[in-house]
Amino acid sequence: MSIKFTTLLAVLFALLAYARAQAERRHKLTRPVHRFAPNRPYLAGKRIVGGFVINISDAPYQISLQYDDDHNCGGSILSSKWILTAAHCINDNAPSKPTVRVGSSKHASGGTVIRVARIVPHPMHGSKNNYDIALLELKNELTFSEKVQPIALPEQDEPIEEGTMGIVSGWGLTLSEADSNDVLRATNVPTVNQQECNKAYQSRYGGITDQMFCAGYKQGGQDTCRQDSGGPFVAKGKLIGVISWGHECALAGYPGVYARVASVRDWIRTTSGV
């Protein structure tokens, strides 16, 4: 009798362990992928897929956000003292504050490296990717040049028309051995219908919010990817989006998801004066 009872307990424990493992596996498969890849145990980021090489003078507002001299995310220059990036790019457990490299087409050399003095994530940012925005105050002011320039911002709640073409840029994963991410790359993608994007992400991630918008092609092929996070989506000369997350990279039916800058314009102005 005791042997049968022991055997039954062993079977029950085995079934519970299997169920737990399957649940953890499903959780891993359905988590949204931030556009930012791990170079350190405490870091995570993404890169441009299906794009082309550009010079920093073509996107002089682009910066590389770095921890321990390693590129981890992108960002955009708002003024001589302020940078806009994604809140999920900020790591509170890092041993030191990050730095930014400006004015260089390469994330590992050239330009100027400046330490971040203060990090201000949006107060509404949480675990569900909403309000994925953070401001970085620099220790020293930038000197503007052909390669270092601020980008204009939209007004609060300024609408984005469906099909608006924007340019995204960064040093993220290219998914191609032939395309190096050592130099700055970019691609052009159109914004997509908000309801259609929400439907695409509903079953896996619970959809998107009004503080987000999506951009990409139905067939996939062009997108941002790991270590592009925090970088710019620029349309008509304005920074309308911050690279945030998505399901894998450049997959058909899953456009990239961006934090909507117009939804936090007043907060940016109040916090930075820009």
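Backbone N, Cα and C define each Cβ position, glycine as well.
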Can you look up which of Cys197, Cys249 is joined to Cys214 by a disulfide in Swiss-Prot? Cys197
For Cys197 (disulfide bond), name the DSSP secondary structure in the helix/strand/coil scheme. helix
Cα distance (Å, whole number) from Cys214 (disulfide bond) to Cys249 (disulfide bond): 13
Determine the Cβ neighbour count for Cys73 (disulfide bond): the number of other Cβ atoms within 10 Å of its Cβ. 37
If you measure between the CA atoms of Cys197 (disulfide bond) and Ser229 (active site, charge relay system) and round to the nearest Å, you get 19
Looking at the disulfide-bonded residues Cys89, Cys214, Cys225, the one with the fewest other Cβ atoms inside 10 Å is Cys214
